[in-house]
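**Q** Annotation comment: Swiss-Prot describes 1-21 as signal peptide, evidence class sequence analysis. Taken from Swiss-Prot, the feature disulfide bond applies to 24-52, 32-46, 36-53.
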């Protein structure tokens, strides 16, 4: 009697595990599948020869906008600017 009960419990555990595909690793918002759907792209590989399928439309919505750096304003030429004198080495001198 315990064997059929154990088999029944294991059957439900296996079915519940395979209902939703596994998530991709490395912080990629996708699912591991054998074939990607039409609106999905393959980002990287998953285990057991599957692809990490990411929905293109969702991925574009969640991408963060990049911050554009402002160009530097030209300096006022009336201000004094520091400069640096580099040392030089003389290898030989020519006398005329």
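Note that the numbers count up from 1, one per residue, in the order the chain is shown.
Just so you know, glycine gets a Cβ as well, placed from its N, Cα and C.
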**Q** In Å, rounded, how far does the Cα of residue 24 (disulfide bond) sit from the Cα of residue 32 (disulfide bond)?
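**A** A Cα-Cα distance of 6 Å.
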**Q** Please identify which of 36, 46 has the densest Cβ environment, defined as other Cβ atoms within 10 Å, among these disulfide-bonded residues.
**A** 46
**Q** Tell me, if you would, which residue among 24, 32, 52, 53 (disulfide-bonded residues) has the fewest other CB atoms within 10 Å in the structure shown?
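**A** It is 32 that, of the disulfide-bonded residues 24, 32, 52, 53, has the fewest other Cβ atoms within 10 Å.
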**Q** At the level of the C-alpha atoms, what whole-angstrom distance separates residue 46 (disulfide bond) and residue 52 (disulfide bond)?
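**A** Distance between the two Cα atoms comes out at 6 Å.
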**Q** Work out how many Å separate residue 32 (disulfide bond) and residue 52 (disulfide bond) at their Cα atoms, rounded off.
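**A** Cα-Cα distance, residue 32 (disulfide bond) to residue 52 (disulfide bond): 5 Å.
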**Q** Could you round the CA separation between residue 52 (disulfide bond) and residue 36 (disulfide bond) to a whole angstrom and send it over?
**A** 8
